[in-house]
Amino acid sequence: MSDQFDPELFQTKLYLSPEKDQLFETGPWPKPFVFNEDVVRVFDDMISRSVPLYREVLACAAHWARDYYQPGTRIIDIGCSTGTFLELLGRFLKQPATLVGIDNSQPMLEKARQKLERIQQIHQVELICETAENCSFENSSVVVINYTLQFLPLQVRQKLLRSIYEGLNPGGLLFLSEKVKSACPQFQETINRHYEAFKAHNGYAKTEIERKKEALENVLVPLTEAQQISMLQESGFSHIDSPIKLHNFISLVALK
Ligand SMILES: Nc1ncnc2c1ncn2[C@@H]1O[C@H](C[S@+](CC[C@H]([NH3+])C(=O)[O-])CC(=O)[O-])[C@@H](O)[C@H]1O
Ligand SMILES: O=C(O)C(=O)Cc1ccccc1
């Protein structure tokens, strides 16, 4: 049977903790926004209700990772949070692999460790509590960095992308998802409205949306899509494409 019709490929249900995100409803809420224990407790609900196409993006990343994985190399998820992507990928891969999750929040990795217990029986799983800038990406064929570069200081982003490029094996793939801003102020205003309507549709009240926006100011700093692509090009990546975009969130793939 060809892969295209393999029903396993469509088992993309994510392993998400059910605790509801009400952090910005009553307070005290984290301002400036940080990945503390309160956030970690409700993180799965928060991200899946706040990022457009979150489930589809993770499934898409798993498809790309499966296609570009070179046996004997590492697959690295930078900013792995509670391990949701690695858990999905672990079920997707056809052969045992080394799956590495990097995150600088210990409480996130504690959740990830629990979530990855089953996957660990098949794959070698390494969870590293470290800032991404200090990590090596040697002997990797796939690096995923979803919604994490956006939190790093601007001058660190280019350095990190270059270090990922250097670590990847030839033919290796970077899968990058980010919040972006429009180069056109009028479109930016329109897209923001669409994004806020999306959040409201997912059950967030106007005050929660406003408070979180304030908390994220100067913490999550988005670039434009063009700036993001040019950073990837400057880091050495040759082919760049965008498999997904909705509202102010984009996923890019880049090849070494
Ligand atoms: N310098 C850093 N080094 C390492 N980790 C960091 C750093 N800064 C922040 N983090 C970690 O990056 C993650 C960002 S969340 C990623 C979602 C995940 N990818 C997902 O698809 O579920 C995105 C969001 O919250 O919007 C958090 O777990 C931080 O602790
Ligand atoms: O950009 C936003 O407004 C978000 O809410 C995205 C997000 C999701 C999870 C943690 C931090 C930011």
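The backbone N, Cα and C atoms fix where each Cβ goes, glycine too.
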Checklist entry - If TrEMBL says Gly79, Cys80, Ser81, Asp103, Asn104, Asn146 bind S-adenosyl-L-methionine, which of Tyr15, Tyr54, Tyr195, Tyr204 does it name for the same site? => result Tyr54
Next on the checklist: Let me spell it out: for each of the binding-site residues (Ser81, Asn104), count the other Cβ atoms within 10 Å of that residue's Cβ, using every protein chain shown. Which one has the most?
Outcome noted: Ser81
Item to check | Close in space, distant in sequence - Gly79 (S-adenosyl-L-methionine binding site), Cβ under 8 Å, 6 or more apart | outcome: Ile102, Asp103, Ala132, Ile145, Asn146, Tyr147, Thr148, Phe151
